[in-house]
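Student: Feature annotation from TrEMBL assigns domain 'Glycosyltransferase RgtA/B/C/D-like' to 65-212. As annotated by TrEMBL, transmembrane segment applies to 12-32, 85-105, 112-130, 136-154, 166-192, 204-229, 241-262, 268-287, 294-313, 325-342, 349-367.
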Amino acid sequence: MAPDYSKIKNIFLNPLFIMAIGTLLLSIVSFFDIPIGNDEGGWGYIGRAWADGQLLPYSGIADNKTPGIFYLNYLSYSLFGTNIWFLRLLALISTVLTAFLIYLIGKRIANSRVAVFSMAIFIFLMPLPAVDGSYAQTETFMNLFVAAAFYFLISSEAGSKRMLAVFLSGLCLGIAVAFRQSAVISIIPLLFTLSFLKHYDWKRFFTGAGVFFFGAITATALSILPYIFSGGQFTDYLNGAWLFFLRGDVGVVTGGLIHRLSGFATRFFGPEIFLPASSVLMLCVYFRKMRNSGIYFVVPLLVWALFDFFSYNLEGTYFPHHLKLLALSWSISFGFVADFFLRKFFEERVFYGPFVVAALFVFYVFFQNSYYATARAFMKGASGHDFRDIGAVIKNMTKRGDTIYAYGLHTGPIYYYSSRNSPSRYFETQQLAMPGALAELQANLLEKQPKIILTSLGETPPPWLQTFVAEHYTAEAPQYGYAIYKNALTE
């Protein structure tokens, strides 16, 4: 009796099967005792200080993010105290839902094979260190709502309540902006997609665009209200979340063309991102042939992919998690390109669909050492938690109401775990490049001398800080990679 290959096909091409695998992989990298990330710690510090009624974002603690991630950390601390699992659980759920939305988008604009290929490469890529897969980053939540915005917009072509779908699309984009400013760039491909839909002539397009912007503005206004009701000022939000980008060399909107070409090329030729990146290149090269073959949605998809590329390079910084800015459109591009070429070589399509999914699984799972290393470290209890441990030490050395100052990179987790605040809103060392930030910090340190000052043993403090410490502090035994200085006058 011949084997029934259709059953194998149905399993491999089942979106629920792929989502289940993705959930398992994300759970491994998120919950197998992975230490807190710097961004997670910084946002946790903001959420904790805000929930305790001590400091507000922007005016009390400087950060260049829109308030969505602060709300989640406020909620996390209010419900469960100091933890990292709640945000990571939300990030996991967001990633899986985003993958499902990618499937729905692919199925609506192409076919179920494109949908499955796009979904599979996205959900297999997201847990990897190449995109900071362990951590709850703003891009993760932004992607969920950008994907929802595209899905609602595309759905408006077939639905009877078109304007409601367009409004929901704008609403989702506004929520996406509440997590990351770069989501604003998605307005252009979204409006281009709206103009591309068959049922929209120019009159309906402008009506739809107005409804879309109304939804986006509504969501943006609602996203600011909790901050305003907590006593925050709109000007602080505007300066902290938007005008921040135009001030000083703090790693945003920096560097010229050569810097950006170098930064992108480094990521482009990474093995994990090469497949989706080369798919966008093939989309450009074979654009005309794909469109002539009846794949009409390749036009707005290419616009989407190119504007995501622009968004990725806009800031001029190339941290691994920034690759998530490309993940939506580039994953769908892979689905389109893979299906287009495989259809040319295989007349029998029963086999190539499962083959692609299986090949992606082998490449993105079996050939990735990160899963084995994570499981091995978890089993041996070998994961380092220096941030948590030094935070506990500092908490025991101080009392509620004391301030501390940590100099060096990756200091946010120390403030979070120690339950102590910085005397200055500029708690991150890189923020000191902003005009006036260093002078404000120095004035804050003199006005209210922190109980403890910490400096990373791997970095040399600047002369001004060395002088300040020498005049007011005595050295304690270094611990967990940090020199510790205690101010006896604040006893």
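Cβ from N, Cα, C; glycine included.
Bear in mind that TrEMBL entries carry predicted annotations, made automatically and left uncurated.
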Student: Find the member of 204-229, 268-287, 294-313, 325-342 that has more C-beta pairs under 8 Å to the transmembrane segment (85-105) than any other listed stretch.
Tutor: 325-342
Student: Counting only residues 6 or more past its boundaries, what in the same chain has a CB within less than 8 Å of a CB in the transmembrane segment (268-287)?
Tutor: 121, 125, 128, 130-131, 298, 301-302, 305, 309, 323, 326-327, 329-331, 333-334, 336-338, 340-341, 363-364
Student: Would you call the transmembrane segment (12-32) and the transmembrane segment (166-192) in contact, using three or more Cβ pairs under 8 Å, pairs 6 or more apart in sequence?
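Tutor: The answer is no, given that the two segments have fewer than 3 Cβ pairs within the 8 Å cut-off.
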Student: So which of 112-130, 136-154, 325-342 has the most C-beta pairs under 8 Å when paired with the transmembrane segment (166-192)?
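Tutor: The stretch with the most contacts is 136-154.
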Student: Answer with yes or no whether the transmembrane segment (294-313) touches the transmembrane segment (112-130) by the criterion of at least three Cβ pairs under 8 A, sequence separation 6 or more.
Tutor: no
Student: Relative to the transmembrane segment (136-154), which of 294-313, 325-342, 349-367 accounts for the most Cβ pairs at distances under 8 Å?
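Tutor: When the Cβ pairs under 8 Å are tallied, 325-342 comes out ahead.
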Student: Could you put numbers on the helix, strand and coil content of the domain 'Glycosyltransferase RgtA/B/C/D-like' (65-212), residue by residue per DSSP?
Tutor: 116 helix, 0 strand, 32 coil
